[in-house]
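Copied from TrEMBL, the annotated features are:
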- 1-17: signal peptide (SIGNAL)
- 49-66: transmembrane segment (TRANSMEM)
- 72-92: transmembrane segment (TRANSMEM)
- 135-460: domain 'NADH:quinone oxidoreductase/Mrp antiporter transmembrane' (DOMAIN)
- 139-160: transmembrane segment (TRANSMEM)
- 172-193: transmembrane segment (TRANSMEM)
- 213-233: transmembrane segment (TRANSMEM)
- 245-265: transmembrane segment (TRANSMEM)
- 285-307: transmembrane segment (TRANSMEM)
- 314-335: transmembrane segment (TRANSMEM)
- 341-362: transmembrane segment (TRANSMEM)
- 410-433: transmembrane segment (TRANSMEM)
- 445-465: transmembrane segment (TRANSMEM)
- 495-526: transmembrane segment (TRANSMEM)
Amino acid sequence: MLLISILLFSAVVPLTSVHMSTHVFNRLAILVLLYSSVLAWNMLYLEPIGVGLGIYGGLSHVTLLSQAFDTFILACASIILLLGSGSIPVFGQQNSRFEPTRLLGPGPGVAKGRVAEYPLIILFTTLGMSSLVSSSDLVTLFLSIELQSLALYILATIYRDSEAATSAGLKYFLVGALSSSLILLGSCLLYGLTGVSSFEGVYLLCSMAVTNSGIHIALVIIGIALLFKIAAAPFHNWAPDVYDGVPTIVTTWLAIMPKVAILAFLGEFQGFTHLGRIYETAYPIWPNILLVSALLSLVIGGLLGLAQYRIKRLLAYSTISHMGFILLALAINTPEGIEAYLFYLVQYVLTSTNIFFVLLAFSNHPYGSAWDTPSSAGSSLLDNAELPKKAPILYISHISRNSDIQSNPALALAFAITLFSMAGIPPLVGFFAKLMVVYSATHSGYLFLATIAILISVISAAYYLRVIRVIFFDTPQFTETTTWWVRPNGNNSMVIGTITLLIILFIANPLPILNCLHLLALSLFYW
């Protein structure tokens, strides 16, 4: 369905004589993604999928977990595309409209042009993600990663008039090319040692003879390349610069969707697929790598986030800390650990989506021409003076209590609730996710890592609370007294309200979600 839609979009856009706005393309892409998610959901009810189903000559392996992730990815992609499906009235004028797909970057003096290719790029990268979660061959693994990554490189630099966006996109391309080269190196080494490219063939050969240590080296190289892709420590240095440089609407996609697809593949890499079982025939080197990466991600994401004064850099380090929790649960590789990994990943997607939706609503604020003083958090006077009239939020101090938030306190409240959830404050959904990870780690004997996770969770709460303090308690830092407001459109308001209610009310009836994730986790071990 996605491939057919991409071909139709690619043919219709250059051939039609009627100009179609970005909003029309966005809404068509949303319908395509929603319909594709429904098709993937219906596949869950097929009986043969319970034990896995090889398709396309064994290039892909469809399982309950891969279909569930496929449905989840398509649904999340359609939700994030809602950011570009409407416009927002700003500055108290009925005819003044702000379009997210026209927000070209964080730098001053950026031209405001339409981006009709945005939904087409989203469809391309979603197709790569959908293929990745069911990859069962080195060929499909590399092609899926590249299809996803190449579209993301274009997406990161799509606002080419912004120096910050193009610089961040170039860095993202170079790091992505390095990780793709590592995947190709590991794949070539694995194929050279075994003579087969399918994961099943590699497992069968290794189970019948003494495992060659070169096979483990090849698999470790592939795994490290995937850790590069999700910005897990110590391969995280690119993430803060890239997330801060690209526009917020692009950051929303980069911080959520690629991680979901790669973590889904890592889940099968660790548990169900034949790659994970190769390590059972020798020494568990891959789980140890995951544990080390989880520890470093927790420490680096929790501590370095305290020193950040730019909002998207702070969220980048927050993401690194969340990757630590997810990798810790994944490395445990027990039914409880996999269930915690699945639940934490779901709540991470929900809370991150809500954070960026609200942040984009705040970013539409038409700041005054000058600010009183430099931010106490470390921004320079030049940075403050160069803010354009409708600037995206760059610094934490820009989210101060102002007329924008006073006229829409519900938006600020949703932002605060989501931050509390990310900090792990009970009884919000983030608390239960961290509790499940810590419980599974303790139950499996990883007491040191569980203690570190608890301490880092407490420490990282400090920078979430700092943002909340700026929102509700800091005084305004601009001098103009013009009355303005930002009111999200109906689609964005619906998404923000729904996710906020899910975060709050999860405790009221958690069994449906937990039971579904429990069954998915059991499918990795009992089939």
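Note that Cβ sites are derived from N, Cα and C of the backbone, with glycine treated the same way.
Predicted automatically and left uncurated, TrEMBL annotations should be read as such.
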Does the transmembrane segment (314-335) reach the transmembrane segment (445-465), going by 3 or more CB pairs under 8 Å (6 or more apart in sequence)?
yes
Which range wins on Cβ pairs under 8 Å with the transmembrane segment (495-526): 213-233, 245-265, 285-307, 341-362, 445-465?
341-362
Determine whether the transmembrane segment (245-265) and the transmembrane segment (139-160) share at least three Cβ pairs under 8 Å, counting only pairs 6 or more apart in sequence.
yes
Using a cut-off of under 8 Å between C-beta atoms, tell me which stretch among 213-233, 285-307, 341-362 contacts the transmembrane segment (139-160) the most.
213-233
Region pair the transmembrane segment (285-307) / the transmembrane segment (445-465), three or more CB pairs under 8 Å:
yes
Within the same chain, where does the transmembrane segment (341-362) have neighbours whose Cβ lies under 8 angstroms from its own Cβ atoms, ignoring anything closer than 6 residues to its ends? I mean 6 or more beyond.
72, 76, 79-80, 83, 88, 100, 248-249, 251-252, 255-256, 260, 263, 267, 311, 315, 319, 322, 325-326, 329-330, 393, 399, 404-405, 411, 414-415, 418-419, 421-422, 429-430, 432-434, 436-437, 486, 488, 492, 495-496, 499-500, 502-503, 513-514, 517, 520-521
